[in-house]
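Taken from Swiss-Prot, the feature ATP binding site applies to Gly156, Gly158, Lys159, Thr160, supported by sequence analysis. Sequence annotations record features per position, and here Swiss-Prot assigns region 'Domain I, interacts with DnaA modulators' to 1-93. The region 'Domain II' annotation in Swiss-Prot covers 94-110. Among the features that Swiss-Prot reports, region 'Domain III, AAA+ region' is placed at 111-328. Swiss-Prot lists 329-448 with the feature region 'Domain IV, binds dsDNA', giving sequence analysis as the kind of evidence.
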Amino acid sequence: MEQIVSSLWSDCLNHLQTKVSPIDYSTWLRPLQASFANEELTLYAQNPFVENWVKDKFLTEIIDLARFLSKNEQLKITIRVGNKPTEQNLSASSTNKEELTQDTVHKFKTGLNGRLTFDNFVQGKSNQLAKAVAQQVADNPGESHCNPFSLYGGTGLGKTHLLHAVGNEILKRNPQARVVYIHSERFVQDMVKALKNNTIENFKKFYRSLDVLMIDDIQFFAKKEASQEEFFHTFNSLFERNKQIILASDHFPKNIENIEERIKSRLNWGVSTAIEPPELETRVAILMKKAEERNVELPEEVAFYLGQKLRTNVRELEGAINRVSAWCNFTKRQITIDAVRETLKDLIASYDHLVTIENIQKIVAEYYNIKMADLKSKSRTRSIARPRQMAMALAKELTSHSLPEIGREFGGRDHTTVMHACKTINELRDTDNSIQEDYTNLTRKLSS
């Protein structure tokens, strides 16, 4: 039974690691110990502070996840302070096979997080199109022009949130709908288990009987030929019956490596929408929203400071709020810029080291195949001026330097020149797909 406990809690941690920030995972979840007895999973925290924090922030999700993974709706999960007992009387199931059937899975295992909705999704320029399409899919699941619906973008930008929001909205309108959200790795694991237990027909029947199938991180299907084969036939079965398919990946579907061309072709049948890294205003709005959800009083000037310093993704913004909140609760200090600077000094230092104006100039010059000196020159030719404007806009977005400081790094230009460059690039991103693609590619390079 110890092996069963270890496997269940390990599976829970693997799933939680994809849903929370690295900071939250390493600080609050990974150190927890687990034991199992009398149909109860007990988690052990190192002190009362950790116990209360996990209870408030993560226990509901842990309960849902543990019941889903154990296929036991009655499983009881508690958390207490202490260490895991060295010897336990553990009760085990007498069955070795876990059949994946429509009745046992769909009854309570949609995989959805009910807290991830459209209402608490913070919209900005970087994600407004993705949210609009997601809402359209939720309104009319299965419509041909949005089926399949593919979301793509970097880690922690809100793809998973939108998938859950679509599923929750569909179930809200039609509680009888068969809706399942699943990570691609879980799809693979379920298939392997079904093959091992000789229940592959139940596996096929379940997935092909759904009304809405949402698979996250489909890039993990790469090089898994058997899983791709099964997904291909599942896709065809659902599509032919006008059932909604929603997928998320870290790259534009046709650019995912080691995925069969016939699958890529089908992903192009519907609509693919990117989610970009959030701009400053959206980052600030996200920070304020996350603070409000946690009943944390976050001064606006602190939110702007954090928004300027942390520029990569939503997950890290949320992790920063959790870390600052925990520190201030523990020390009984108010959240100030000085407190944030002290608490997140390692994280902020890593960003400051990663994204500098010089680094931006280097990456932009390489991308456009020009010299760094060209960006600082007086040349006004289009082949030089446009990359220079792009570099200025990126410097404004990805660093905390002022406009005059940015101008000085580009050949001593005036701050009004930098303002004009930022305005030009922002306008072109709305009208010129090639500029938008360049901006996205450069942002990813600078944030990776």
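Placement of Cβ uses the backbone N, Cα and C atoms for every residue, glycine included.
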My understanding is the cutoff is Cβ-Cβ under 8 Å with a sequence separation of 6 or more in the same chain; which residues meet that for Gly158 (ATP binding site)?
Phe121, Asn127, Ala130, Ile275, Val314
Per DSSP (helix/strand/coil reduction), Gly156 (ATP binding site) sits in coil
Work out, from DSSP, the number of helix, strand and coil residues along the region 'Domain IV, binds dsDNA' (329-448).
93 helix, 0 strand, 27 coil
Of Gly156, Thr160, which of the binding-site residues has the most Cβ neighbours inside 10 Å?
Thr160
Extra residues within 8 Å (Cβ to Cβ centroid of Gly156, Gly158, Lys159, Thr160), ATP:
Gly153, Thr155, Leu157, His161, Leu162, Ala248, Ile275, Asn313, Val314, Arg315
Other CB atoms within 10 A, centred on Lys159 (ATP binding site):
27
For the region 'Domain I, interacts with DnaA modulators' (1-93), how many residues does DSSP put in helix, in strand and in coil?
46 helix, 17 strand, 30 coil
